[in-house]
Amino acid sequence: MADLDESNLRRYLDEAVSAAHEAGNLMLECFARNDAHTSVEEKASNADLVTKYDRQVEELVLTRLRACAPDFGVVAEETASKEELTDAPTWVVDPIDGTTNFIHRQAECCVLIGLAVRKRAVLGVCFIPKMDELYTAIKGHGAFCNGRRIASSGCKDLTKAMVNLHFPSYSRGPKVLERILGVNHDLLAHPVRAIRSGGSAGVDMMHVARGRLDAYFEVGIYPWDVCAGQIIVEEAGGVCLDTMGGKFDLSSRRVMVASSSELASQLAVHLRRRCYDTLDAENYQCSKEEADLKRRKT
Amino acid sequence: MADLDESNLRRYLDEAVSAAHEAGNLMLECFARNDAHTSVEEKASNADLVTKYDRQVEELVLTRLRACAPDFGVVAEETASKEELTDAPTWVVDPIDGTTNFIHRQAECCVLIGLAVRKRAVLGVCFIPKMDELYTAIKGHGAFCNGRRIASSGCKDLTKAMVNLHFPSYSRGPKVLERILGVNHDLLAHPVRAIRSGGSAGVDMMHVARGRLDAYFEVGIYPWDVCAGQIIVEEAGGKFWVNQPGQLSFEIQFNRGDRVRDLRTVIEKVTGIPPEAQELRANGEMVDKEGQFLEAMDLSDIWVMDDRDDSPERGEWNPDPEEAGSRFHLPRIGTYIFSAILTIFWVTQVAGVNPYGNWPEGPRLDWSQVPEDLRPGNTPIQRPQALTVEPEQEKKMIEQRNKLPAA
């Protein structure tokens, strides 16, 4: 297996960046053609969408990544979503994060390419073609946007924070809604400064890394939604945790990023109170003690 | 008071646009300096913020507007928020809409300049400096983004819509929260396709006008938040596809107030078919009311055919015959079944194997059981007539028989 020292990582980063640029150009072409909405298919529900461009972009990105590192594993949204994330070096790719935004021609959609080793991200690339912003990070070497060092806002006070939340598209059962709207209510009443909802995990995490948002959390995400974002946020000085406040796990389907650990712990209080750890309606009735127990385990 | 005809409005629009550009440049400078958060003040609550830049931008914009139209009223967020909106022409200005986003260096903040006459917007300018998008509209002349016509998405189905809502910053009492979260819940459960929250009324309305969002609503806004947006959204009109048999479809944008006869002129420009030879069909129905407003029509399936064309393909206005046939249509299915039964009946009748051929009298005769001379084509032979016996005579005959000695 290839050694992952810094020079190697830089090489992989260059490859990932050029793959992301190529993918971004394909997305811009599609914006210009204005035909994304003609190839929309519904995945799990009529709010969970995929277009033919997702598959095209993924093929393009994976071909390049496989050529530069043939022995790495691949986990990707469209064609390799069933692959298990192992300890081996693995490319984690989301060809178009924020597909619904992409279909509606919103700027908030991006290409996400991450490299995970021992289930931790070590390299991340995020390209937002409509804003022409390229975010990159290598573990231990800082996060960059278009070549300039970025830093999170460092906000430590939830009442001064702009928080981004996500309304689930995967599942909208009554208990799921009760939980997310409960969190929404608690945050508004706290009061936080503002609540936003962007709709793309990747872009929202970039905003946290850049300091435009102070916190973001979501339940129901997949590794490819967060792998690149995790390392970019962490290298920008933010924190990436589980929604219950524990250590972050790429495959746990939970993420909370914040500009500081103080802010994360204040946010986690609200999330724990509403047991916001799963979208599984069956698993809803967990008491406060159980939630605490779960937190200690993780 | 200055007359507000079109040329005057264009002049005011040019002034408002250059004021908006200047204001946008100031905002970009501030983004570059990155010091907006150092001058934050709280207005009504700690979520309702204002910076020194709001005041600077407003002063800059109002100076220019007052110079070009000194007799107009002014309602603006920071310095003239108490002014009553009257029937007189009034500039309605929000120097930085989405101040919280501005402080957090988000792209979604804009300069809004509107002109209201009789409390209705007649002119609107919105400049989003970070996205470099300038939206303008004059009543009756369409809406533009950076000089190009824009159209809203035309989405008609809430389950396919992306809806933007706004979490209030002015007031967050328990009842207010209960109401907005109740709406939020109902929309998610409807289900709408997606819910977003952008945080700037102006930018969200531009997204609706541009077709990037399908709906937006908010309670608690002020005139300066919506005056420019109203006219831009209303003027944005819509767009739809026009299909032609055997040829490429083309997209058409229309304004509010455009009628069918306007559509025919546009079609003539694209296809070369003169208006009187255009056979226009909307969802299969012939369009014959020339004065009908396009916005009142269902524009999901528009076909145009050339009346001068007599080829057999001409009649194929239906886009997808398979799809139309697959629809479950009870009367049509009933007709099919009935005619199938009739056909079977007739065929078996001719073949002579129809067991119900003689209905209702009963099954057809088996000719082999009939005496040969009675079969069709033969002359029946003479048979003795049956004796007719009167009842009284019959009684006598029975009595006579009973008297006979036993054999």
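Here, residue 1 is simply the first one shown, and the rest follow in order.
Glycine too: its Cβ is placed from the backbone N, Cα and C atoms.
What TrEMBL records for B:392-407 is compositional bias 'Basic and acidic residues'. If you look up TrEMBL, you'll see B:229-301 marked as domain 'Ubiquitin-like'. The feature region 'Disordered' is assigned by TrEMBL to B:367-407.
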PLDDT averaged over the residues of the domain 'Ubiquitin-like' (B:229-301): 83
Number of helical, extended and coil residues in the region 'Disordered' (B:367-407), per DSSP: 19 helix, 0 strand, 22 coil
DSSP-derived helix, strand and coil totals, residue by residue, for the domain 'Ubiquitin-like' (B:229-301): 25 helix, 24 strand, 24 coil
